[in-house]
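**Q** Let me begin by handing over the structure; questions about it come next.
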């Protein structure tokens, strides 16, 4: 099952479900969600497709699914159009990559697709990783900080999410340091913008949209004045990090969803990442699943 879980009185599927979309000539719309990229089972998810082109209808696609539900466009103000697609209650089948398209009522063609939006579903693996911080949860502006996500149950990927962040979680491949599978998320010269509540998740590369239970929350407090935002050079990388944010955080290969990058793309050395400071985003949020059974730290 997949995109057919969309429920709305206006939702319908195209007659030819398997037909590929013809290339569009109009500007591509944008796809977003106010709930954030990580959803807990049972939550309701609304995806909004919007554009500064006055489209008459929008269609939503999910990678790997055949259904293409449509909704008539609404015009909140002159020159703008949008449509909401309601998904839920959220289950494992809703995890995946989504795109939307705009169309006109007098044409059978669709616009070019929006940039992809990845939806992640937590609580799908019977694992609860732990999250710790060095040198401690309270630091001064300018210090280096490392967030360590660990599990004694095998995970090949860990994701870090900051509460209130609009950008996708950071994702790193795990490395094994007996008895732990772990990943280190490193922040250089932190600013108060990087303070906040963090949680991490585990996942498997074979099912990258399905996550473990979240770790317990970790509150990071950064004192001191915030310097001007900077672009920085990633460790072991010849290129500077694109201007991006995870509520003030960035990572290798992780741009804004609207720019087409994906939090599920694996780049960089296993188990480590350098994060840079950028302005925080105000919209969107990471949502936490109900915590699952914790893992006892041994030794």
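Placed from the backbone N, Cα and C atoms, the Cβ positions cover glycine too.
Got these off TrEMBL a minute ago, pasting:
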- 1-30: region 'Disordered' (REGION)
- 1-10: compositional bias 'Polar residues' (COMPBIAS)
- 34-122: domain 'Immunoglobulin' (DOMAIN)
- 40-107: domain 'Immunoglobulin subtype 2' (DOMAIN)
- 134-223: domain 'Immunoglobulin' (DOMAIN)
- 140-207: domain 'Immunoglobulin subtype 2' (DOMAIN)
- 242-299: region 'Disordered' (REGION)
- 247-258: compositional bias 'Gly residues' (COMPBIAS)
**Q** When secondary structure is assigned with DSSP, how many helix, strand and coil residues does the domain 'Immunoglobulin' (134-223) contain?
**A** 3 helix, 53 strand, 34 coil
**Q** How does the domain 'Immunoglobulin' (34-122) divide up by DSSP, counting helix, then strand, then coil residues?
**A** 3 helix, 41 strand, 45 coil
